[in-house]
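Asker: Attaching a single structure in structure tokens format; questions to follow.
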Amino acid sequence: MERLVIRMPFSHLSTYSLVWVMAAVVLCTAQVQVVTQDEREQLYTPASLKCSLQNAQEALIVTWQKKKAVSPENMVTFSENHGVVIQPAYKDKINITQLGLQNSTITFWNITLEDEGCYMCLFNTFGFGKISGTACLTVYVQPIVSLHYKFSEDHLNITCSATARPAPMVFWKVPRSGIENSTVTLSHPNGTTSVTSILHIKDPKNQVGKEVICQVLHLGTVTDFKQTVNKGYWFSVPLLLSIVSLVILLVLISILLYWKRHRNQDRGELSQGVQKMT
């Protein structure tokens, strides 16, 4: 009696695939992750950047560096053996305010424009080497707004100026008929930008008593600045010239009358003196 034996070939491809899948799972499970968060803070206020090592690996030292064009610059380190060590260039400017080898926080006491940029936190871990994360700090300046108006010869100029960092945007909330708008942008050495918008209103009398609204957009927030145009005094050039000419004429007539009066008085006194002598 013959027996039929079927031999199944061993699949090397399936074995290799299984090995690669298992290796990928292990690597993903063991992958080290550093969690950071970018911050935006106002100029000349404190600011903090945080880093968190999201695994159970043991860190030996934590280093904070500032990213620069050529190479990162060491700022401060922390370890259990040496504590906090701040580089001379950053003394009295920063400190590590959360001491730990898993979670670390640096704080700037009074941020300036030079502090804006990106920073790296490096965890020197046992078995994984240096694991880094990056957090960026953005510095902003709140808008300083000026709103005023001025009557000219035959029109009304309303000016709204906003200075901030980053550059603000200026809008108007007024009727558009008979109104022209011009905008000028100026960058300052301190990093702020001024945006000045001027409304040219051709019929100023119709704007008297009405409210003008200047809207400033900065960092996603719109703020309204309001002002009511009060009655002003404006003259046309011909009218102004006529008034000036009339005033000059009156002054000349007054001088002439004054001169004639004194002349007559002098003649009268002279004639009286002659009569007495005779």
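Glycine too: its Cβ is placed from the backbone N, Cα and C atoms.
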Asker: What residue among Cys118, Cys121, Cys136 is stated in Swiss-Prot to be the disulfide partner of Cys51?
Answerer: Cys121
Asker: From the candidates Cys28, Cys214, select the one that Swiss-Prot records as forming a disulfide bond with Cys160.
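Answerer: Among Cys28, Cys214, the record in Swiss-Prot lists Cys214 as the disulfide partner of Cys160.
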Asker: Within the chain of Asn190 (N-linked glycosylation site), which residues six or more apart in sequence place their C-beta under 8 angstroms from its C-beta?
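Answerer: When sequence neighbours closer than 6 are ignored, Asn190 (N-linked glycosylation site) has Leu113 within Cβ distance under 8 Å.
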Asker: Determine, to the nearest whole angstrom, how far the Cα atom of Asn95 (N-linked glycosylation site) is from the Cα atom of Asn103 (N-linked glycosylation site).
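Answerer: Each residue's Cα considered, Asn95 (N-linked glycosylation site) and Asn103 (N-linked glycosylation site) end up 14 Å apart.
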Asker: I'd like the Cβ neighbour count for Asn181 (N-linked glycosylation site), meaning other Cβ atoms within 10 Å of its Cβ, all protein chains included.
Answerer: 14
Asker: Could you give me the DSSP helix, strand and coil counts for the domain 'Ig-like C2-type' (142-232)?
Answerer: 4 helix, 59 strand, 28 coil
